[in-house]
Each structure stands twice: as C-alpha cells, then as structure tokens.
Amino acid sequence: MAGGKMKKDKPQRGSSNVGSNHFQGGISFHKSKGQHILKNPLLVDSIVQKSGIKSTDVILEIGPGTGNLTKKLLEAGKSVIAVEVDPRMVLELQRRFQGTPLSNRLKVIQGDVLKCDLPYFDICVANIPYQISSPLTFKLLAHRPLFRAAVIMFQREFAMRLVAQPGDTLYCRLSVNTQLLARVSHLLKVGKNNFRPPPKVDSSVVRIEPRGPLGPVNFKEWDGLVRICFNRKNKTIGSIFRQKSVLSILEKNYRTLQALQLSEKAPSDDMEMALDVSALGETFGDLSVDADDGKDDDEMEVDDGDAKRADFKERVLTVLKEGKYEDKRSSKLAQADFMHLLALFNKAGIHFS
C-alpha cells in the first residue's frame with residue numbers, strides 16, 4: 001500500500017467511521033491514491049513465502065501502509081527499508097513497532113518513491129499504487145547495484161502484459177522492454193476482496209529478476225525500434241516502415257549522421273543504460289496499450305527526381321527483405337528477432353536515436 005497527495009475524506013452521512021472499510025486504527029484510506037491494505041493474513045504469508053527471502057536480506061518495501069506485510073518481512077529478513085509518502089502511515093508504522101525487538105531492523109523513508117534515491121537492497125517486496133506501475137518498474141530495473149528480485153503486486157492486466165509472450169493478445173512494447181532487462185514470472189492471482197477498501201480491479205503478484213549486463217545493446221536504439229514496431233503491432237513490419245512519418249524520422253537521423261561523419265554509436269555503458277531505462281517508465285500509459293486502432297499514414301511519396309529519398313526508402317526495405325521481416329508482425333516477434341532486426345538496420349547505417 002502506498003499513497004499520494006493527501007486530502008481529508010468526509011464521512012458518509014448516517015454512518016460511523018468505526019468499522020468502515022475505509023478506516024483501520026482510526027486512519028482513513030484514499031482509494032483514489034491507491035491506498036488498499038492487504039487484510040488477508042494467509043495471502044500476506046503466501047507472498048512472503050514465494051518471495052524467497054533469505055535471513056541475510058535487506059528488503060525494500062514500497063508503500064508499507066499500516067505494516068501488515070512489513071511485520072512478516074521483518075521476521076523473514078535482516079532488515080526492512082520502507083518508503084512511504086503518507087506521513088500518517090509513517091507515524092502509524094513507527095508506533096506499531098516502537099518498543100518491539102523488530103524496531104531496530106526497520107528504517108522508514110518518508111517520501112515519493114519515484115523521487116527518492118533508493119539505497120542498497122537485496123530484494124523488493126511491495127503492494128504498490130497501480131498508477132505508478134510503469135515508472136516504478138523501470139526505476140527498479142535501472143537501480144544499481146542490481147538486486148536479486150522484486151516481488152510486486154500489480155493490477156492484473158498490467159501484470160499480464162509484463163509476462164506476455166509473442167502471439168499473446170497482451171504482448172506489447174512493455175512486454176518486450178521488460179523482458180529484455182529481466183526474467184518475469186507470474187506468482188499469484190489476487191482477488192479484490194483481499195483488500196480494505198477493495199479496489200475496482202483484480203490483482204496479480206509478479207516476480208521480476210534483473211538480468212546481468214546486456215552486452216552490446218544501445219537501449220535508446222533498442223527502444224526506438226520497438227516503439228515504431230509496436231505503434232501498429234498487428235500490421236506487417238513492411239507496411240509500418242513504408243509510412244511517411246517513420247521514413248522521415250529515420251532519413252533525418254541517417255542524413256544527420258552522414259553529415260557529421262559519425263561511425264556507428266558505441267553501446268551505452270551500464271550506468272548510461274540505467275539512466276535510459278529509468279526514463280523509459282515515463283513513456284508508458286497506465287496499461288501501456290499499444291496504438292493499433294488508428295488510420296495509418298500514407299506511404300512516403302517519392303518523386304522521380306528525388307533520388308536521395310528514393311534511395312533511402314529502398315535501403316530500409318532492403319534491410320527488411322534481407323532479414324525476411326517484411327511480412328512479419330511485431331505481435332509475433334521474439335526478443336531475438338528485434339535484436340537481429342536492430343543489428344541489420346545499424347549495419348545499413350540506419351539508427352533510431
């Protein structure tokens with residue numbers, strides 16, 4: 001559970017705050033800010049068990065709320081660093097563990113997790129507000145040094161996008177980028193009635209394990225290609241790269257690099273890639289729905305006298321033909337396919353950043 005900006009809720013007419021699903025221990029919860037407390041102790045136990053926490057682990061918890069999950073994490077690991085934006089919850093958390101043997105192993109950071117510099121941790125376990133799912137996911141994947149795993153509660157559809165495979169209905173740019181950087185697996189389905197107050201949607205718990213160094217991958221180039229391909233993921237790659245808007249952008253990059261006489265850009269080092277990854281979360285919508293319902297723009301019109309433009313279009317289409325991607329669709333391509341396609345474009349001097 002994590003919150004956002006706080007505002008005072010008005011009690012409903014004719015009802016008492018006592019026993020209301022919107023209150024616990026005298027604290028009101030803000031559904032609009034993603035504050036939903038896990039009330040099922042068996043579910044909390046299951047999440048901790050499936051997290052694979054070691055007794056030596058430093059655990060990062062995001063949005064601890066009143067501490068139901070925090071208590072179990074403290075019992076399982078070495079220490080817990082809890083990041084909470086709501087000062088009321090911070091006080092409640094401190095009050096709950098004050099004077100107990102667990103208090104010395106809990107550190108509470110009051111602030112917005114998207115703006116905080118995160119300290120070292122071994123594993124992240126969290127029930128987060130769903131509106132920060134994308135930026136938080138990529139902020140964690142950008143964290144250095146790499147952690148072992150993150151076990152996070154997401155909205156069900158977002159979780160299914162994270163784990164979707166080529167050919168799945170929900171397979172999208174979010175799937176491809178996340179799976180490039182991490183191994184992602186679905187752990188648990190969680191019904192809305194396990195929360196107080198219950199959210200409007202069901203949830204899922206997902207395990208994210210960051211991959212080691214990616215080798216010669218320029219992440220800006222990679223995301224530039226994937227972004228174009230998933231703009232119309234059910235169209236053929238050939239029809240996507242015949243669009244005027246796509247060809248114009250790529251040709252501009254190509255002419256600029258030629259004018260500056262730059263060789264192929266070297267792959268980003270690990271820290272530079274981490275910055276690129278962190279910024280990526282801001283480019284996704286709430287559920288990272290790929291645009292595939294609009295009208296395609298026209299193919300680039302090439303005059304007979306415009307030899308340079310015609311040559312560039314032919315260069316792009318030649319790459320697709322040589323790699324046999326012209327008639328394939330983004331929704332069916334795997335990680336290795338996108339990696340191969342990017343390498344073919346770069347070899348032809350065509351870049352995406």
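Along the chain as shown, the residues are counted starting at 1.
The backbone N, Cα and C atoms fix where each Cβ goes, and this holds for glycine too.
Residues annotated as region 'Disordered' in TrEMBL: 1-25. What TrEMBL lists as compositional bias 'Basic residues' is 1-10. The compositional bias 'Polar residues' annotation in TrEMBL covers 13-23. Annotated S-adenosyl-L-methionine binding site per TrEMBL: His36, Leu38, Gly63, Glu84, Asp112, Asn127, in sequence order. Here TrEMBL flags 43-212 as domain 'Ribosomal RNA adenine methylase transferase N-terminal'.
Each of the binding-site residues Glu84, Asp112 was scored by the number of other CB atoms within 10 Å of its CB, and the largest score is that of Glu84. Over the domain 'Ribosomal RNA adenine methylase transferase N-terminal' (43-212) the predicted model carries a mean pLDDT of 96. The binding-site residues examined here are His36, Leu38, Gly63; by Cβ neighbour count within 10 Å, the least packed of them is Leu38. Counting every protein chain shown, the number of other Cβ atoms lying within 10 Å of the Cβ of Asn127 (S-adenosyl-L-methionine binding site) is 28.
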